[in-house]
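Student: If you scroll down you'll find the structure; I have some questions about it.
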């Protein structure tokens, strides 16, 4: 096929790549050492490159020829030959874990720089053209967080907004929303933009020792949307995991009888909306989008009834007939919550306060809190992406992978949130990755552009390929086959040529 002539730049992807080191194996697919790969589009041609992230974790493991750095689903132990004193010391030093810098989930743009991210306090700068690993940044040097999300947001001024969890700092556990500026003042050119990082707001966790796990959050023009779900991390278990001989993932549990709480932080006043909004228990990894309309906040998420998704990816479950054998006990469901920020405070208990045309409800309870139930938009989609120019605004289209009861994607879909119409691309033996939307240079409409996805083949005789779809019609424009072992990855970013530094760098 043909690629559009205007497509110039690099699609950069990140995900777990190496799962065996020497005689040792990771327990979980999400633990594998980060492998970056890129497709560069130049004058109608495509160049492929891949490289392992040379993190401290990677270097220590490779040097020892075994897993010596713990990951979320795999606890690593020091050499048993070491003497008893160093062993006791190692146990003690693990109480608040020294997390890994194996940043295998996503890629974040900070000014002109690019960083790979995971969910710990470490991020790594990379060169997006050579995929070389550059310096390591520790968020905890700039603010008190032990964990941070790998899905930041960008505002119109280019600031990055992100969230992290501060575990039992000064006797409190809280969620911290922070902002990183895109650049530093001219006279401080040598300093990093992280030195100018500022805390927007912190939200106390409902429980000191059981903070909520979260993978992403939402943002509208004026608000940050944070969902505090009853999928929780047990800090006491986390601190003792090492000498109990269990992994950190076992410290996460879903409390199905608890509520899910919604928090809305006003970006201008940096204060949280005081009304208590809640919903039934759910597990959520990905927010799709959020926007304000007529005194309401509307936010769309992909939610589950339990946390079976994480358990699917233990490597012991990833067997030959994985697709047939492993069924999710809860299908991903695209839910729209409509939350009335402005309403008549004297309204009767039991009234639905939603004034927008939607089946979502928000009902006033006796104690003044508001119980929200969602509108179900569709089922069976995951890894959602939108045209990011519409982030925080009223929008129509979601591009996502299609998943049924198996967590492995078999299709790429385009879903219209307004008409509920769905377009698909899929072929036998094809496992596509998260679709990335790239707007065309003269775009007038939300879906003017293309969708890029890497497709891995479940049939080892067939080569993987990069697929380009017309975002409007979902018709295939072209594919570029790559004769390498390509892995299923997690998330990626398209960097237009103008944003790639040129010259000697």
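Cβ atoms here come from the backbone N, Cα and C positions, even for glycine.
TrEMBL annotations: computationally assigned, not manually curated.
Here's the feature list from TrEMBL:
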type    : residues           : note
BINDING : 151, 215, 286, 491 : Fe cation binding site
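For each listed feature, how buried is it and what is near it?
Tutor: If you draw a 10 Å sphere around the CB of residue 286 (Fe cation binding site), it holds 21 other CB atoms from the protein chains shown.
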Student: Within 10 Å of the Cβ of residue 215 (Fe cation binding site), how many other Cβ atoms are there?
Tutor: 16
Student: Can you name every residue in this chain, apart from 151, 215, 286, 491, with its Cβ inside 8 Å of the center of the Cβ atoms of the recorded Fe cation site?
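Tutor: Residues close to the Fe cation site, other than 151, 215, 286, 491: 105, 106, 149, 150, 216, 285, 287.
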